[in-house]
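What Swiss-Prot records for this protein:
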ACT_SITE  His47  active site
BINDING   Tyr50, Lys89, Asp522, Gly559  ATP binding site
BINDING   Glu91, Asn560  Mg(2+) 1 binding site
BINDING   Ser92, His93, Asn94, His95, Arg114, Gln238, Glu310, Ser311, Gln312, Ser562  substrate binding site
ACT_SITE  His93  active site, proton acceptor
BINDING   Asp115, Asp266  Mg(2+) 2 binding site
Amino acid sequence: MRVDYDVAAALRHEGLKPHDYDEICRRLQRAPNRVELGMFGVMWSEHCCYRNSRPLLSSFPTSGHRILVGPGENAGVVDLGDGQSLAFKIESHNHPSALEPFQGAATGVGGILRDIFTMGARPIALLNALRFGPLEDERNVGLMEGVVEGIAHYGNCVGVPTVGGEVAFDSSYSGNPLVNAMALGLMETDEIVCSGAHGVGYPVIYVGSTTGRDGMGGASFASAELTKASLDDRPAVQVGDPFLEKGLIEACLEAFKSGDVVAAQDMGAAGLTCSCSEMAAKGGLGIELDLDRVPARELGMTPYEFLLSESQERMLFVVKPGQEQSLMERFIRWGLQAAIVGCVLEEKVVRVLQKGEVVAEVPANALADDTPIDRHELVSDPPLEIQAKWDWQENLLPVVGLKGINLNSQSHFGSNISWDEILLKLLDDPTIASKRWVYRQYDHQVQANTVSAPGVSDAAVVRLRPQQGKGSVDEVKRGVAAVVDCPNRWVFLDPERGAMAAVAEAARNLSCVGAEPLAVTDNLNFPSPETPTGYWQLALACRGLSKACKTFSTPVTGGNVSLYNETRLADGKIQPIHPTPVVGMVGLVHNLVNVCGQAWLEPGDLIWLLGVPIDTTVAVDPRVSLAGSSYLECIHGLVTGRPPEIDLKLECLVQSFLRNSITEGFVRSAHDLSDGGLAVAVAECCIAANLGAHIELPSSDARLDRLLFAEGGSRILVSVPSTQAVAWQKVLNQAKTTAPGSVFDQYLGVVTADDELLITQAGNRLVQLPLNQLRECFEQAIPRRMGLDLSSSV
């Protein structure tokens with residue numbers, strides 16, 4: 001069959017390869033027309049079909065006693081007990097946010113919310129994981145301002161609280177920021193709305209906004225590297241309307257309660273093409289779509305434009321015959337467009353009509369189920385660059401003493417730097433510093449169910465208040481905790497260990513608020529898998545995620561893969577991001593009374609370290625290290641070394657012990673040791689509480705910078721009332737008896753009423769800093785780099 005288009009040019013435009021075209025022709029038994037080729041282009045993109053990553057994802061654990069819905073639907077669903085279920089998922093909007101940060105981030109929020117309420121759940125919380133280049137570059141400042149404003153605008157207007165997240169900075173993200181949005185939704189019914197069409201002849205209803213030319217080919221755009229020419233792809237960035245989405249949420253939840261909706265699918269990536277093909281393929285049926293009935297925003301739209309538009313706030317329903325009119329009236333009352341645009345077919349095809357003519361007809365499974373897989377060879381050894389970094393040893397660092405470090409003359413800090421100065425430098429690192437400038441723009445109290453606000457605890461906590469208005473706030477005892485985590489520097493240096501650490505830290509943060517970890521949603525942000533290094537990073541990270549999720553019994557319920565996150569520089573070189581597998585994890589809080597924050601509560605409380613103890617010998621415990629640490633990068637300008645070993649057994653022991661201790665009322669505050677190690681964690685607790693601390697390090701021949709700033713080791717800082725000292729020691733001894741050979745506690749010091757942080761060793765002062773200096777450094781790091789007024793940042 002001859003075609004009326006330039007095949008080579010069309011393939012380039014759609015991001016398809018010649019062998020893809022040959023396969024399409026084989027499946028259709030003919031050459032595709034230009035509309036059909038566009039449909040294949042978006043549906044066979046990495047963004048939609050995971051053609052490079054699908055074999056790796058199959059290793060993830062996906063089942064468990066609480067899992068109601070796993071991968072394959074719009075969102076995962078877990079059983080919370082007491083007649084409540086939680087829908088949750090994370091998605092990326094990286095490439096759109098790089099070009100139009102406000103709309104890219106805003107529509108990312110809108111899209112993840114639709115995934116949640118399409119399942120029949122009411123959205124109750126949002127989180128986000130963001131990555132930017134250094135704020136010394138004005139372009140990165142502009143990107144960050146736009147992204148944060150977009151997230152705030154959409155979340156605040158739609159009435160869903162943004163309760164947590166993480167923000168990190170690295171030069172690898174300068175041309176390609178990451179914007180990952182996570183949402184949670186509460187369900188109180190057994191009726192989970194799925195997306196598979198059923199009922200031959202059942203009507204298909206279009207609901208929501210009109211269809212325009214915005215977002216054209218967004219799925220293909222999201223599956224390619226960014227270049228200067230990408231600026232021409234601004235039409236691929238969608239435009240959102242949070243007020244319309246608010247009406248869509250209410251109208252859809254009402255419609256679902258009626259029982260008249262048999263299947264639902266939001267129109268996200270690939271728009272009508274994706275929603276029709278996925279609903280048809282999952283149901284084992286077909287769908288006929290009449291474009292003349294689709295509410296259009298612009299005149300003269302072609303079939304290609306209708307099918308590939310990613311206009312926001314749109315849904316597709318399959319409904320029971322005879323109920324379509326009452327449902328459409330309901331939607332119209334909410335100010336939404338509603339139209340019958342097609343029907344369910346027995347024939348397993350997506351058939352598209354315009355002006356009575358068939359403009360496209362493709363087997364549904366060819367678009368949404370039986371899609372191609374690109375297989376890559378996994379190299380057996382790490383890349384040479386990484387092998388060289390693994391050879392690094394701590395003894396290569398400058399000599400340390402009680403007063404600090406003797407640096408070489410080429411250091412930008414001069415020849416010497418004290419421990420006080422080092423701690424302040426770390427607190428001034430934007431990745432470690434307070435994110436108050438970010439989260440104060442988010443409404444985290446809307447819906448009045450937020451228990452732990454951003455910056456207060458290691459994980460967000462939201463009250464599980466009944467949606468039907470039964471019971472007062474005070475009567476609600478249970479909550480759900482959520483967190484997003486990824487140590488991207490560790491993943492860059494060792495993808496398997498780094499990914500394991502991401503899961504471990506997410507679970508540890510949930511445990512720090514007293515929550516039982518339940519399940520995971522993941523967002524795999526990686527560069528191109530078509531290079532040996534890129535695929536090695538992706539494959540080993542998936543291996544690490546799988547191993548850790550199995551150990552923690554936290555199944556993966558779904559997520560997102562975002563590849564080709566890299567920038568082609570002016571000189572033609574490729575700048576890949578650090579591989580960033582973001583782990584979103586949810587947990588159940590059985591009693592909100594016991595929720596812990598980071599802040600000390602009372603002077604005199606005892607400070608204990610759980611996890612691998614501080615070294616008392618020169619021998620280096622491989623579970624705690626300066627390799628890959630914030631200290632190494634911030635102070636010495638090095639991103640090197642092999643990150644610490646991840647002791648998953650110890651993680652489980654420590655976290656279980658912590659949760660039990662919180663439940664029993666022993667632990668008053670809890671904060672995990674992460675970026676910056678012990679000294680930074682103690683400083684953060686002091687800043688949060690406005691109380692001081694005196695930490696006495698044990699006598700040791702180990703390097704002092706290792707004692708103060710090393711990372712890893714499943715470590716958590718807790719405070720215990722002094723009145724409970726004897727009982728607490730009994731609990732610790734009992735835990736050691738239960739798990740012989742695992743020493744995982746160490747007394748460090750005491751909370752003080754003094755306005756300073758004091759760290760000593762054998763009576764020698766190492767760190768002595770007033771709280772106001774710590775706080776000023778911590779709170780002003782980001783606003784100062786952005787050139788903002790500092791008077792309101794503390």
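Just so you know, glycine gets a Cβ as well, placed from its N, Cα and C.
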C-alpha spacing of His47 (active site) relative to Arg114 (substrate binding site), in angstrom: 17
Nonlocal residues around Gln312 (substrate binding site), in sequence order (Cβ under 8 Å, 6 or more apart): Thr107, Gly110, Gly111, Ser209, Asp214, Gly215, Gln238, Val239, Gly240, Asp241, Glu245
Check: same-chain CB within 8 A of ATP site center, minus Tyr50, Lys89, Asp522, Gly559: Leu57, Pro71, Ile90, Glu91, Thr521, Asn523, Leu524, Val556, Gly558, Asn560, Val561
Whole-number Å value for how far Asp266 (Mg(2+) 2 binding site) lies from Glu310 (substrate binding site) (Cα to Cα): 11
Which same-chain residues, if any, lie at least 6 apart from Asp266 (Mg(2+) 2 binding site) yet have Cβ under 8 Å of it: Asn74, Gly111, Arg114, Asp115, Thr118, Ser275, Arg314, Met315, Leu316
Separation of alpha carbons, Asp522 (ATP binding site) and His47 (active site) (Å): 14
Distant-in-sequence Cβ neighbours of Gly559 (ATP binding site), under 8 Å, six or more positions away: Pro71, Lys89, Ile90, Glu91, Val520, Thr521, Asp522, Asn523, Leu524, Gly584
CB within-chain contacts under 8 A for Tyr50 (ATP binding site), separation at least 6: Leu57, Val561
CB contacts for Ser92 (substrate binding site) [other CB atoms within 10 A, all chains]: 27
Spatially closest candidate among Ser92, His93, Asn94, the listed recorded positions, to Asn560 (Mg(2+) 1 binding site) (Cα to Cα): Ser92
The residue listed as 'active site, proton acceptor' CB neighbourhood, other CB atoms within 10 A: 31
Protein Cβ atoms within 10 Å of Glu310 (substrate binding site), excluding its own: 31
